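Student: Quick paste from TrEMBL:
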| type | residues | note |
| --- | --- | --- |
| BINDING | B:G70, B:E93, B:I94, B:N126, B:S127, B:L146, B:S224, B:E225, B:E226 | S-adenosyl-L-methionine binding site |
| ACT_SITE | B:D149 | active site |
Amino acid sequence: MESFKNFLIFSPDYQKLIAFVSTEDQTQNFTIEVDWNYPINNIKPKLFLENQENADNDDEGKKQNGSEEKISLNNIAVTEENNLLAYTATDKTLFLWQIDEKSAKIVSRRSFLRTSSCIRFSKCGKILFLTDKTGDVFEYLCDEENFNTRGRWIFGHISQILDLAVTIDLKYLITSDRDEKIRVTNYPKVHEINSYCMGHKEFVSAIAIISDSHLISISGDKCIKLWNFIDGKELQSHSFQFVPVLLKVISHSHQTGLLCVSSIENTVYIFKYLIIDDTMTLDTLAEKQFKSDVELAVLNNEFYIEYIRDNDDSLKSGIFIDRVKIEDKTVNFQKIFDNIALSETDISIKIVKPFDVSLLFKHGRMFDNVKEYNDRKKARIENKMKSKKAK
Amino acid sequence: MMETSDPPIVKLPQKRFYRQRAHSNPISDHNFNYPSHPKELYKDKCPDNKTWDELYPSRGDRKVEFADVGCGYGGFLVSLGETFEDKLSIGMEIRVKVSDYVMDRIESLRALHPGKYQNIACIRTNSMKYLVNYFEKGQLSKMFFLYPDPHFKKSKHKWRIINPSLLSEYAYVLREGGLLYVVTDVEDLYKWMTSHFDAHQSFKRLSLEEEKQDILHDKLLNRSEEAQKVERNHGSKFLAIFKRI
Ligand SMILES: C[S@@+](CC[C@H](N)C(=O)[O-])C[C@H]1O[C@@H](n2cnc3c(N)ncnc32)[C@H](O)[C@@H]1O
């Protein structure tokens with residue numbers, strides 16, 4: 001879920017429809033249909049910088065041809081300034097729409113190489129960064145002259161990238177991956193790594209920049225960490241009782257703000273944070289358990305939570321949205337939207353997480369070939385000793 | 001003279017017990033132990049990992065400066081340690097048995113030559129993923145990539161240990177002026193790698209003259225096990241040295 005002016009934007013079925021829900025006036029809501037016949041710009045970005053062809057037969061492509069699996073939407077991003085909405089699709093195309101308060105029209109549909117994991121716009125909205133599951137990062141220009149220009153590879157991790165953040169001044173791109181790493185890359189000199197923020201012990205599911213030098217990260221190791229990302233220094237670490245998955249931040253100043261964190265069990269937590277002298281204190285304001293997966297968004301300094309619930313007045317389930325109303329220290333979850341007035345259309349609503357967190361854990365669930373080898377070596381040496389003794 | 005508490009006869013490990021399939025997939029997650037931050041290895045203890053002091057018993061306050069990445073059976077590493085006695089060199093090897101061979105080899109060398117070979121060690125790791133878990137920015141002054149696995153198929157080019165993504169990482173752990181050495185017997189791979197170095201703005205190739213003058217030049221071509229294998233098969237060897245600028 002993303003936000004634009006007074007609208008929350010999401011796809012209720014990740015396929016046919018994109019919904020624009022007003023947080024102020026429900027009569028302004030509208031939906032658009034995804035035009036899957038829109039022509040694809042088939043010129044793919046090149047992996048690496050070279051003049052060589054791309055590895056043509058990538059196995060993911062093969063899978064799709066063989067099965068009846070339907071193409072669906074995947075990652076979403078919206079610009080803050082120049083009215084663009086982007087969605088990646090599982091057919092490895094990147095849709096770009098120009099949006100206003102009443103409608104949206106597709107302006108391009110460009111190809112990319114591997115299943116996307118995250119897309120983000122620069123603050124100015126002129127550049128979109130796309131990360132993929134094999135760890136590469138591509139840049140797609142999104143100013144009007146370049147709506148249809150092909151993507152460009154800019155750098156890569158050797159691990160699935162889970163999140164990307166761009167500093168407001170566009171000096172750094174920050175990427176987090178499954179191998180516990182957070183990488184801070186200079187921009188536009190993307191061949192230069194400024195720093196690494198090392199210290200997590202499991203995948204880093206989400207990151208958020210909260211000031212010129214501070215970054216917050218959450219990880220499968222249950223920790224939330226505060227970093228000075230310029231010098232890659234860990235300033236603080238807090239342990240949660242749960243595995244955090246999604247993270248949204250509202251900064252009120254360089255020192256204070258609010259965090260919204262969802263857990264692997266779909267509980268949503270609201271925290272107030274305060275940073276003094278590089279130490280962060282977290283104050284839990286509220287928590288609420290949801291029965292379905294959730295999506296989070298920020299709009300006009302408020303958090304919104306999208307979830308699925310059985311409708312009170314019919315047996316159909318619908319998409320619901322809560323606004324997190326925070327006054328002083330009291331927090332209310334106000335339902336601002338239920339169902340999508342789409343009950344007539346035959347869409348199957350769902351909420352898809354950006355990745356399946358349970359598959360990302362590494363420790364304690366991998367094949368231990370070292371132990372196997374050491375056991376055999378020990379046995380070999382013991383046997384030798386025995387046979388020596390026997391002699 | 002050997003101390004009596006030591007095992008009476010120390011033999012170098014026999015390679016036949018340590019042979020392993022040539023290629024392992026550097027992208028998959030096998031079970032690796034690695035520090036979550038380089039500073040962990042400077043502590044007195046690091047659970048599941050050997051600290052630098054455990055790896056180099058007479059380390060003092062020196063830090064590792066040379067890395068032989070994909071060191072194989074360690075022939076070059078041993079030679080590197082002999083050439084630079086006051087520098088600490090680490091061999092990094094992904095294969096379980098092969099890295100174990102190198103560790104046993106170093107242990108035996110130390111036992112056979114008391115006081116020597118204190119400056120080399122080997123760790124089993126996937127350097128393509130965990131290099132920066134071990135080294136800080138600018139810590140290394142030399143990195144070696146000798147006879148890297150070629151991964152011929154185009155779809156496997158990402159697995160190559162020299163690739164554009166990783167060049168940025170090597171530039172990060174190398175200090176300015178540091179050197180990166182590459183040797184291969186596969187001409188196509190040589191061209192591929194050098195073209196990526198040429199395109200990368202943090203590296204500049206040394207002149208042929210400078211390459212020849214490097215004290216390691218001949219050792220790069222004949223000290224490692226792979227170098228000797230190429231020698232036996234009368235293969236060609238391509239060498240290049242790049243400076244971190
Ligand atoms: C062809 S051998 C060369 C070995 C040695 N440098 C020599 O010259 O004899 C390449 C070595 O790199 C190791 N290797 C491949 N990928 C690696 C990785 N990601 N991390 C560490 N070692 C790796 C392989 O296991 C293999 O031993």
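Here the Cβ of each residue, glycine as well, is placed from N, Cα and C on the backbone.
Automated prediction, rather than curation, is the source of TrEMBL annotations.
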Student: In whole Å, how far is the residue listed as 'active site' from B:E226 (S-adenosyl-L-methionine binding site) when you measure between their Cα atoms?
Tutor: 11
Student: Quick check for the class: what is the C-alpha distance, in angstrom and rounded, between B:S224 (S-adenosyl-L-methionine binding site) and B:D149 (active site)?
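Tutor: Roughly 14 Å, rounded to the nearest whole number.
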Student: Can you count the other CB atoms that lie within 10 A of the CB of B:G70 (S-adenosyl-L-methionine binding site)?
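Tutor: Counting Cβ neighbours of B:G70 (S-adenosyl-L-methionine binding site) within 10 Å gives 21.
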Student: When the Cα of the residue listed as 'active site' is compared with the Cα of each of the binding-site residues B:G70, B:I94, B:S127, which one is closest?
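Tutor: For the residue listed as 'active site', the closest Cα among B:G70, B:I94, B:S127 is found at B:G70.
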Student: Would you give the longest CA-CA distance, in whole angstrom, between residues of B:G70, B:E93, B:I94, B:N126, B:S127, B:L146, B:S224, B:E225, B:E226, the set recorded as binding S-adenosyl-L-methionine?
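Tutor: Of all Cα pairs among the recorded S-adenosyl-L-methionine binders, the widest measures 20 Å.
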Student: Counting every protein chain present, what is the number of Cβ atoms, excluding its own, within 10 Å of the Cβ of B:E226 (S-adenosyl-L-methionine binding site)?
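Tutor: B:E226 (S-adenosyl-L-methionine binding site) is surrounded by 19 other Cβ atoms within 10 Å.
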Student: So, three-state DSSP: helix, strand or coil for B:E226 (S-adenosyl-L-methionine binding site)?
Tutor: helix
Student: Measuring CB to CB from B:S127 (S-adenosyl-L-methionine binding site), give everything in the same chain under 8 Å that is also at least six residues away in sequence.
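Tutor: Set apart from B:S127 (S-adenosyl-L-methionine binding site) by at least 6 residues yet with Cβ under 8 Å, we have B:A67, B:V69, B:G70, B:M92, B:I94, B:I161.
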